[in-house]
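Listed in Swiss-Prot:
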- 6-26: transmembrane segment (TRANSMEM)
- 36-56: transmembrane segment (TRANSMEM)
- 60-80: transmembrane segment (TRANSMEM)
- 106-126: transmembrane segment (TRANSMEM)
- 131-151: transmembrane segment (TRANSMEM)
- 168-188: transmembrane segment (TRANSMEM)
């Protein structure tokens with residue numbers, strides 16, 4: 001597998017991470033370097049680790065996991081998105097927005113955006129491709145795309161001066177990404 005093919009694969013895998021990062025950036029009123037690093041690092045790390053897991057597992061379990069990976073991503077994204085939408089309608093001012101760069105939400109988003117990378121790992125094993133270069137490129141591209149997505153999403157928030165609507169829109173975007181994943185797997 002040549003470098004340009006690996007790079008195109010990495011960019012394709014990073015699109016979901018980019019879209020989720022835009023939604024997260026849109027939700028976060030204060031985007032610090034620490035938050036950018038945390039989300040970018042986790043998305044890049046998960047995007048890099050999932051192909052390794054798939055590659056190590058090999059072809060034996062491909063048919064079992066491929067049949068359900070898109071459903072897992074869809075459920076995780078819809079669950080997080082629905083919670084964000086519900087929280088956007090909470091009128092109590094003392095209820096803080098949940099930070100997508102911390103805790104369980106960070107891990108769930110990282111998992112949801114990296115499910116396709118698991119299947120790529122299975123494919124790389126089936127093709128008998130070395131895993132090292134693809135994993136490094138996939139991880140770095142996901143990290144960079146997440147970083148850019150956070151900055152773009154936050155810039156859109158700053159330019160519009162919106163409040164709770166940002167969380168509503170971010171939740172809607174996550175649900176749409178989940179629906180897109182199902183559509184890509186020909187569920188409907």
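Positions of Cβ are set from backbone N, Cα and C atoms, glycine also.
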Beyond the flanks of the transmembrane segment (131-151) by at least 6 residues, Cβ under 8 Å: 1, 3, 6-7, 9-11, 13-15, 17-22, 24-25, 28, 31, 35-36, 39-41, 43-48, 51-52, 55, 114, 117, 120-121, 124-125
Among the ranges 36-56, 60-80, 106-126, 168-188, the one whose Cβ pairs under 8 Å to the transmembrane segment (6-26) are most numerous: 168-188
Long-range environment of the transmembrane segment (106-126) - Cβ separation under 8 angstroms, sequence gap at least 6: 1, 9, 13, 16-17, 20, 24, 38-39, 42-43, 45-59, 61-62, 65-66, 69-70, 72-73, 76-77, 79-80, 100, 134, 138, 142, 178, 181
Contact set, same chain, for the transmembrane segment (168-188): CB under 8 Å, 6 or more residues outside the stretch: 16, 19-20, 22-24, 26-27, 70-71, 73-78, 80-85, 87-89, 112, 115-116, 162
